[in-house]
Amino acid sequence: MKNRFFVIDVETTGNKIGTDKIIQIGAILIENGEIIEQFASFVNPNMKLSSFIKQFTGIEDEMLSKAPTFDLIAPMLSEMLEDSYFVAHNVPFDIAFLKAEFRKCGAKWRNCPTLDTVELSRLLFPTLNSYKLNQLATELSIEHDQPHRADSDAEATAQLLVNLLIKLKSLPLVTLKKMQSYAASFQSSLKNLLKDIINEKKQLLLTDTEDYDIHRNIALKVQRRQSQIENERLNFDDFETKSIIALLKKVDPKFEVRDGQIEMIETIEEAFKARVHGLLEAGTGTGKTIGYLLPSILHAKKTGKRIVISTYTTHLQEQIMEQEIKILKKALPFSFEATILKGRHHYLCLRKFEEYLETDSDDTYDTIFTKSQILVWLTETSNGDVDEINLSSGGRLFWNKVKSDSSCCSSKECPWFSRCYYRQKRNEAEVSDLIITNHALLLSDMKSDFSLIPAYSELVIDEAHHLDDVASDHLGIKLDYTSIQTLLNQIGLSDGIELLHKIKLATKSMNIGLSSEIDKVEEQYIETKNMIDELFRTIRTYTLAQKQQSKNEIGRITYRFDSSSEEGPLWKSVKSYTFLAIEMLEDIKFNILSIGEKLEAPFGLITDIKSLGKALGDISNGLSKLLFEHESNNVTWVEIEPKGAQNSAFLYCQPIDISELLADRLFAKKESVILTSATLAINDSFQYIKSSLGLLDFEVITKKIASPFSYKDQVQLMLPTDVPEIKDVEQTEFTCEIASKIIEIARVTRGRMLVLFTSYDMLEKTFYNVKAAAGLDGFVLIGQGISSGSRDRLTKSFKQHEQAILFGTSSFWEGIDIPGEDLSCIVIVRLPFSSPDNAIMARKSELMKQEGKNAFMDLFLPQAILRFKQGFGRLIRAKNDRGVVFVLDRRLSTKSYGKKFIYALPPIEIYEEKTDVLLKKLSDWL
């Protein structure tokens, strides 16, 4: 076959093949890397276009009325197709419409190999966030002026193909050969193309030894060893905060000197010097991140001791490294080292990956494609961090098999020891001034007696309002049916591909007679899987039978249980099945470890056996603690999906109060811990956060640093008086009323609206009420749990549409950043009180009542105020932002505690009128 590519894009009247028609075609012929022919034409479909297609493509009916029909174009397309690869961005769509049109007009379709640039982009550019054509064009600097027009899309696809072929040819020979062995499983016809590239490399005698680190037939990026930075002969006491801030202004002209930032820096310096803890609330816009990084770097340099920075998510870790650390490295007149450190499951285990590369008996498309993606990624990555690579959900399942865990890279016997990504990151952290980590790893480190993060005595915790929840989650237990079965599946059958099969092969190669032991484990494996299934079915049935069940904010049925007081026949069955499950898990663990002791197998197999034994023991212990061991400081509960499988249940055990644990195991062990966030104080008081985090008995510097934004000029708070109180009406009536208010507001704001709920059930009902109502034509509705995608994906989709309404609960109350005109309105449907049925809150409330305390005033209200501040804070993210917050909960005005929510906000204009009056004011103001 010639090196000839027919690149095409079609626009259509809709997505239904056979019913909808092609309305525009763009086609480009590439041969030997050069464009030799181009063709573009509108196509007359002999039907009217929908308003959606007109808006989506910019094509009007008048443009098509004098265009040729498809039968006049078909012969030329057929000629271009001859002896070519068929190339499109999403081949199934374009080829299906073309075949249907060819068939209708009686023209001959030429069967030819296909190349799908979506699939190839995912394969060859595995770290990109999106594979939409316009976003790929932006990423690769491809000109693409008119997205969703066939001529422009075809030109962009052709340029994308050229980039993809260059990338494919640049890959090392060992990677290409392995991909060639997988080629038959790809949707694109890559086999011959790869064969030609491999032959060309061989003929040119090209070697990859200098460009790549090729080890055990896998090509890795060559790791550039960091040279040890010598300590400069500088007196760091000479550096003053204001002079360094001035240096930042030189490096980044957009950088603004803020009084609040300087105040924050000086406060942290004071806390470090006095060896005391600190609580600093820094309002939006104070430059909080620089505010804690700068004093941390200076203190690390002055003392020679590393400082740990912990933030809420791995995404925020990356953001700090890519933004503020880069600025500081350019600006500061001395060098410093900063390293990101994540939990080891974020890093690839090369030993496991190598083993799974050789396994193909259970390879699905997702598995084969993910193996190929990782092979390409290994030629680019220095970190082996899963957050770098864009994996499908099926790819994530494969990742779970090859991720690093505590059994990996622990011995020099491992053939990949010197290249272990986790070990390299740990070594980098050992010689760094700053270690940037996340709350989950921070608490895991605390739980393991500080064995995961290199030793430190000073710590800065950003997004500190999350520490309570993360600590409860991390110091607790979570077990569910799927995760237990996934672990058991690692044992597998002796004629499968998993651990038992590997053991069987090892015994044969060493001529060891362990067949009866292997048969016993295989039998136990099947019995244990069945028992776990029976146990979780019974737990689900028991939960559904309870009268005290409730729904949590994401719609799961929740039941809080106490293993010492539950009763009835079903509970007896739960306990009986739990006892048998624990017994079976312990037996299979003992027998697998016994086999491991008798084997003289390769390092990898022995460590896998030990790792699995430990994991089985953890599940056995978890079931025992959840269902047999009642501890007064713990609360246990079960969650089930209402429409989930019959064995779908999630078991939880968490400490009720983590304040003492944090006080004893973190704050008492460190010289200085700085906790900062935009939401820590309630009406200038830090008492609630001090109490909940265990800081009451420590000397703590507190500081509330105001935002530099002029909220009085930038924000209006509107409280409609014509909204019913939810306690006075049925929820159905309430959600209908809320939906009508959202529609009225959206017409004035032209969308650009975030609607915040406290329960998924209410969100779902309101979303569908808005969707069913008339009057919002042209608006895009995006609902958490309704529209597909993660929070980040939904937020990105919201930004891409001019008239969008985003409905969110839980995580949308904070952590999303939508500056500028993309967001001009927030609607808070209900004040964000935790449900009294929440397992932990309910138990805390009971204990507080026993102590004579007011649970509402001392627990529910302060927590709700902090969350309200977080929701409000989504609106103004920059000094030029303007917007309005509507609160549709009448309690803000009718209850005495409502004033506490208002006092927690910056000074702003507040209007309380009927909706129509408020909307007139809003229209004039916007």
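From the backbone N, Cα and C atoms, a Cβ is placed for every residue, glycine too.
Remark: A282 (ATP binding site) has G260, M264, K288, G291, T676, S677, A678, I705 as non-local neighbours, by Cβ distance under 8 Å and separation of at least 6 in sequence. DSSP assigns A282 (ATP binding site) to a strand segment in the three-state reduction. The ATP binding site feature in TrEMBL is assigned to A282, G283, T284, G285, T286, G287, K288, T289.
Under the heading domain 'Helicase ATP-binding', TrEMBL lists 247-540 (among others). Summarising model confidence by region, the domain 'Helicase ATP-binding' (247-540) averages a pLDDT of 91.
Under the heading domain 'Helicase ATP-binding', TrEMBL lists 269-494 (among others).
Feature annotation from TrEMBL assigns motif 'DEAH box' to 462-465.
When the neighbouring Cβ atoms lying within 10 Å are counted for each of the binding-site residues (G283, G285, G287), the highest count belongs to G287.
Mapped onto three states, the DSSP output places T289 (ATP binding site) in helix.
Look at the Cβ of each of the binding-site residues T284, T286, T289 and count the other Cβ atoms within 10 Å; the largest number goes with T286. Annotated ATP site A282, G283, T284, G285, T286, G287, K288, T289; additional same-chain residues within 8 Å of its Cβ mean position, judged by their own Cβ, are R258, G260, Q261, M264, G291, A678, I705, S707. Per DSSP, the secondary structure of the motif 'DEAH box' (462-465) breaks down as 2 helix, 0 strand, 2 coil.
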